[in-house]
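What TrEMBL records for this protein:
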- A:47-72: transmembrane segment (TRANSMEM)
- A:84-112: transmembrane segment (TRANSMEM)
- A:124-142: transmembrane segment (TRANSMEM)
- A:170-190: transmembrane segment (TRANSMEM)
- A:234-259: transmembrane segment (TRANSMEM)
- A:271-291: transmembrane segment (TRANSMEM)
- A:312-333: transmembrane segment (TRANSMEM)
- A:353-372: transmembrane segment (TRANSMEM)
- A:379-406: transmembrane segment (TRANSMEM)
- A:426-446: transmembrane segment (TRANSMEM)
């Protein structure tokens, strides 16, 4: 509750707005450079990093085992069968792609909206996007059964005259996701070029000097370099912005263009996009909170970031809740027995527990607590909340896929779905792969953009000069 | 060589310039002229003329509702997101929201015409359609089934109850936000954090409540003109559509006001350009949702859904539909891509005017084909001109009320943390 006699001694609070400051006080160009580049250039890798790396590597090993077994035996080792012909693979694919969206939103849309607070988190959010797309892209490939023929998805001029079905949104996915991955990688790399230049100049070991020198593409920090860098960043942001909408929209079409109750609904495109951003921000929090603690980055990733991310989650979670509500309402308003039964079955049928889990994780818990600023800025609470939302968003996809399929139009063909150990191994394996890649990123690449943080420091601001001073210096 | 310049000073007089009063007078004249034209057209058109007058009234109500309650929505959105654009548009948004009383009057008027507009309010319309051969057996069965199924919601009693609840909620938010805005003006700058939080808290939940109530009335007023059709994204489409038209209108107002003080001082090129970009985003969002709905229904090709589009594409509706696509998306999209255009006041105003016309045109395309005498083919008659006369009269009256409300308080809000920044000289458009 706001009080009118607002006073604070907290140096992290801006007295003009009452908001947390975006950066901790006392930061200088040197301190920012030292803080971020030392994480990369230090010869003493923290033991904790090794610990996580070994665990993540081991879990990635489980993934490799599961995939190898899959290639040897075929998709029969998974639980997919009639009537649930789509199972964990599509659920995981949508979940991972969704997670990636926050990175693009932070790096592109918030850049266009001139949201300076994004600067501290955009780099590792972009990295998260790329690794999430890697995990996501794996599922359609291994799901085709014969992954060595996966290139058939592309409209190549075959001599066999086999062409993909252009009216299938699964083909649109190929274009949407590959474009998304390409733009994300280019944007991510481009953003790091000035920082690579800094790392090159600060590196002590010849290998590091060579590696970062090569990656910096001859960056010298001249005015011309900066001008082209800024222009390219804005252009890429402009290109990436529609991708935030288009990719998950196309993924929502995977379901919505089918004439299946539970899938065929017009709210899917915006609701999928909002859900993607919702889960993506949850994952950014899951990553940012331990990172800032482990590497002592509290002055660069402040309560303001956590608070703002909480607000974004509240907004996008609200759209998701609206989507759930409209789905339920339209199942009645449609006056269709099929739609009505599907929703009844989804909520109260044998798998109604999954619907309850998603309502609790995505709506009941976060959308009641995130209204309170005190909780939004409670780091431990937000970390727990991010895990709950990530779980809830996985269950959302589970509910959409499984509960729409397992009881179809003919009661004689009703069935159920029970994932196998290989389904679980593949899913948890991707969590390992994601963590593995992310740990490599934080160790060898600048996880926070030094150049963009410096632009936010008071010393980077150009103030209009006082008339007296101007009289002697200006014109 | 150092460059320097001085920050501008906010004019002492922040009240609306006299030109607003002149706009008000002109709008009233237009309203009267078009109202008379509407009545004449109704007489000339006979029974069909009167029917079209009511339908035009529905379009007029929906359009002005979009301006008024859309203004409330954008006001709340601004309080939640913050930003400099609020300093420019907050007072126009407030004035829009304070026209709610006129929308309530319009809504009461609509209540008198329910039996000519909605099958759920007058099942005799179904029989009339069957007798005239406009409704075949399959359609008749579907309509009958839907009327029975949806009766708990679609009936005259709940129409009044739901409407009254929605307007009561909007009235609460409008009056609270407007009252608090004046209180903030009178308070000290030191109390700004308090007011920011207070507005944020009220507006955040307000957006949630508004989205739900607006969806309910969009279903009652427009979607239920075709009782058999449904689309889950319909409410969201209306929500974005309201933001689209409100932003266009607010930019027109801000740019027109910037010819004189105090807007002349506070509207910089940077903010004008940003507003252009913001509008571009809503143009895209609007088309994104509309096209998504179309693609899903078209691909599904289900008889209970696709007929809604068939009614709006076949016959001369194909031309209307194409023009709607051009006006609503292609023209604003293409033009707003230009950096020069967004920086040019006259051209940006023209694009915003096109957007408002497009919104009205889109509502015509949404409403008229729902009636079986117009479905799948647009019939040209005197009555169809009611779709111009009535909405123009109602919108002009609304503009007059808006101008009156705009004059009732200063057009710039003081005690805003962005004020100092907006008074700084601009260097370049980023």
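The backbone N, Cα and C atoms fix where each Cβ goes, glycine too.
Given the structure is predicted, the values throughout are model-derived calculations rather than measurements.
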Beyond the flanks of the transmembrane segment (A:312-333) by at least 6 residues, Cβ under 8 Å: 261, 265, 267-268, 270-271, 274-275, 277-278, 281-282, 339-340, 342-344, 347, 359, 362-363, 366-367, 370-371, 389, 396
Selection from A:47-72, A:84-112, A:234-259, A:271-291, A:379-406, the stretch that has most Cβ pairs under 8 A to the transmembrane segment (A:124-142): A:84-112
For the transmembrane segment (A:426-446), sequence-distant contacts whose Cβ falls under 8 Å of one of its Cβ atoms, 6 or more beyond its ends: 36-37, 39-40, 45, 49, 52-53, 55-67, 70, 88-89, 92, 96, 123-124, 127-128, 131-132, 134-135, 138, 142, 192, 195-196, 198-199, 287, 291, 295
Beyond the flanks of the transmembrane segment (A:353-372) by 6 or more, those residues with Cβ under 8 Å of it: 278, 310-311, 313-314, 317-318, 320-321, 324, 346-347, 381, 385, 388-389, 391-393, 395-396, 398-399, 402-403
Whether the transmembrane segment (A:234-259) meets the transmembrane segment (A:47-72): three or more C-beta pairs under 8 angstroms: no
Distal contacts, the transmembrane segment (A:47-72) - CB-CB under 8 A, six or more residues away: 78, 138, 142, 147, 294, 422, 425-426, 428-433, 435-436, 439, 442-443
Other parts of the chain folded back onto the transmembrane segment (A:271-291), taken as Cβ under 8 Å at six or more residues beyond its ends: 94-95, 97-103, 105-106, 121, 124-125, 128-129, 132, 244-245, 248-249, 251-252, 297, 301, 305-306, 309, 312-313, 316-317, 319-320, 322-323, 362, 379, 382-383, 385-387, 389-390, 393, 396, 438, 442, 447
